[in-house]
Amino acid sequence: MGRAGPEEGQLPAPVKPPDGGWGWIVLLGCFVITGFSYAFPKAVSVYFKELMKDFHVGYSDTAWISSIMLAMLYGTGPVCSIMVNQFGCRPVMLIGGLLASSGMILASFTTNIIELYLTAGVLTGLGMALNFQPSLIMLGTYFDKRRPLANGLAAAGSPVFLSSLSPLGQVLLEKFGWRGGFLIMGGLLLNCCTCGAVMRPLDTGMKRKMEKVQDKYEAKEMLPMGGKSEEGISTTDGTKKAKKAKKKPKKGKKLLDFSIFSNRGFIIYTISKFILVLGLFVPPILLVNYAKDTGVPDTEAAFLLSIIGFIDIFARPACGMVAGLKWVRPHVAYLFSFSMLFNGLTDICSARASNYTGLVIFCVFFGISYGMVGALQFEVLMAIVGSQKFSSAIGLVLLIEAFAVLIGPPSAGRLVDALKNYEVIFYLAGSEVVLSALFLAMATYCCLNRGKKKTPPPEKPPSVGGGSDTEEAESDVQEAEEHSSDNHQLAHSTDNAVVVASEEANHVEDEQSGEGGRCPEGDREVLARAGCNADQTVERDSF
C-alpha cells in the first residue's frame, strides 16, 4: 500500500501549535485578561484615601483590598487547574468574568471595610483568577516556536491597562466618588466574558478527524481478508473494542498533577518566585500614597503609575523578542535572574527619592525591570515543566505565591503606619527581590547545569532552557501505530488460522480416501467450514 491522503487511510500528522491563525485572537484575549488581572489590584489603590476617610481605617487596612485580590489570583490556582482540566478553559473563563464584575458592583454598596474585603477582594479576585490562568494555558496551547514573543505581548496588557485604569480611576473618583467608580469598573470587567468566548479549544476538531481517519484506516486494513473468516473479523472487532475500553482511562487527565514536584527546576523556580513576590508588588502599591505624602498633587501622583505602565508596554514585548533568540532561549532562566536583580537594585537605589523628579526617574527604571520580569516569569515556567503539565504547575506555583502576597504588602503597610518612613520599605522590598535573583541563578547553575554534565540522564527531562514540547502528540501517534500494528497481527493470525484449517481438511480427506472414500455427514460440515466443497467430496466417492 503506497502513500495516501488521510481520506485513503493514512494516519494524520501530530497535532502541533499553529503559532498563528486563530492564536492571534487568543493572544488578544489573553492581553486583555492579563491587563485586568495585574493592573486592577494596583489601580484600586487610587481609591484608598477616600476609603480611609469614609470607613475611618488606616492605610494597612485598605492595603488588604489589593492583597486579597492578589491572594485570590494566586491562592485559587489549584482550584482553577482542577476546573480547567475538568470543564475546559472557555466555561471557566465565562464564569470568572461574571464573578469579577459582580464583585465590584456589590462593592459599591458596601457599608464597612469587611464587606469590601468580601466583595472587591474575594469575589473579584476569584473571578480574575478564573480568567487569568486559563488564558495562559490557551496561549501555551496555540504557540510553541513564537511562545516567548506571545508571552511578552500578552504580558504587555498589564502596563497598558495600568497606564489607563489609574487616570480613569482618578477621574471617576472626582466625578462620581469611589462608589460610582467601583460600579463603572464592574461594568468594564464584563469584557472578561468576551475574552473567554474566543478561547476556542485547539484539539477538538483535530481529535474528531483523527478518530474518523483511524476507523477508515483500520477498516481498509481488514479488507484483504474478504469473507474468508467471519469469526476472525468478529474476534478482531471485539479485541479492538476491548483495547479501546482499556486505553480510554489512560488518556484521562489528572485533575492536579503533583509529579512536577520531582522536577528540581520546578522546585528552584517556586522558591525563587516566593521570595520575589514578597517585595515585587510593594513599590507600585505604595507609590501613589508615598507621592501624595511628599506633597505631590493627586493627579500627578496617579500619573506616576501611568509612567510605569507606559515604559512597561515596550519593555515586555522587547524582552519577549530577546528571549526568543536561538542563543538566548536555552539560557532564559539567567535572563530572568538578571531582570529580577535589575528590579531589586532599582528599589534600593531609589529609596531616598524625595521629589517628583526623583520619583519619575524611579518609575522609568522600575517600568523597564518590572516589564522584563513580567514577560519572562511564565515563559520560564513553561520551559521547565512543558505545556502538558503547565496547567497543574501554574496552579501550584500561584498557590505558594499567595502566601507571599498575603505577607508582603500588608506587612509593608503596617511598617508605614508604625515608622512613617517609606525609605525602609523600599530597602526591604529591594533586598527581597535581589535575594530571589541570586538564588535562582546560583541554584540553576549548581543544581541543574552541573548535574547534567556529571550524569547525563537516559531520558530527556524538562530543563530550564527553552524548547518545543510535543509529548502528547507523539504519544498519540505512537498509540495509533501500536493500534494499527495490533490489527496487522490479528489479521495475520486470522489468515494463519484459515491456512491451518485448510491443511487439516486435506489431512482428513487423505484419511477418508484411504478408508474407502467415505465422508460422513459430520465431516462434511467440518470440511465445508474449512473451505472444502462437499460436492467435490461426492465426486471423489463416485470415482
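Heads up, the Cβ atoms here are built off N, Cα and C, so glycines get one too.
Residues or ranges marked as transmembrane segment by TrEMBL: 21-40, 63-84, 91-110, 116-137, 181-202, 266-291, 303-325, 332-353, 359-378, 390-412, 424-448. The annotation domain 'Major facilitator superfamily (MFS) profile' is assigned in TrEMBL to 23-448. For 452-524, the entry in TrEMBL reads region 'Disordered'. Marked as compositional bias 'Acidic residues' by TrEMBL: 469-479. According to TrEMBL, the feature compositional bias 'Polar residues' maps to 487-496.
With respect to Cβ pairs under 8 Å, the transmembrane segment (359-378) is most closely packed against 266-291, considering the stretches 21-40, 63-84, 91-110, 266-291, 390-412.
If one looks beyond the transmembrane segment (21-40) by at least 6 residues along the same chain, the residues whose Cβ comes under 8 Å of a Cβ in the stretch are 69, 73, 93, 100, 124, 128-129, 131-132, 135-136, 138-139, 142-143, 150, 153-162, 165, 185, 189, 191-192, 194-196, 198-200, 309, 374.
When each of the listed stretches 266-291, 303-325, 390-412, 424-448 is scored by C-beta pairs under 8 angstroms to the transmembrane segment (63-84), 390-412 comes out highest. Same-chain residues lying 6 or more positions outside the transmembrane segment (181-202) and placing a CB less than 8 Å from one of its CB atoms are 15, 17-18, 22, 25-26, 28-30, 32-33, 36, 40, 47, 88-90, 92-94, 96-98, 100-105, 107-108, 120, 124, 127-128, 131, 134-135, 138, 141-142, 169, 172-173. Long-range neighbours of the transmembrane segment (303-325) within the same chain, counting only residues 6 or more positions beyond its ends whose Cβ lies under 8 Å from a Cβ of the stretch, are 39, 42-43, 146-153, 155-156, 158-164, 166-167, 284, 287-288, 291, 332, 335, 339, 359-360, 363-364, 366-372, 374-376, 379, 466. For the transmembrane segment (91-110), the residues of the chain that approach it from at least six positions outside its boundaries are 33, 36, 80, 83-84, 116, 119-120, 122-131, 134-135, 179-180, 182-183, 185-187, 189-197, 199, judged by C-beta separation under 8 angstroms. Note on the domain 'Major facilitator superfamily (MFS) profile' (23-448): mean pLDDT across this stretch is 82.
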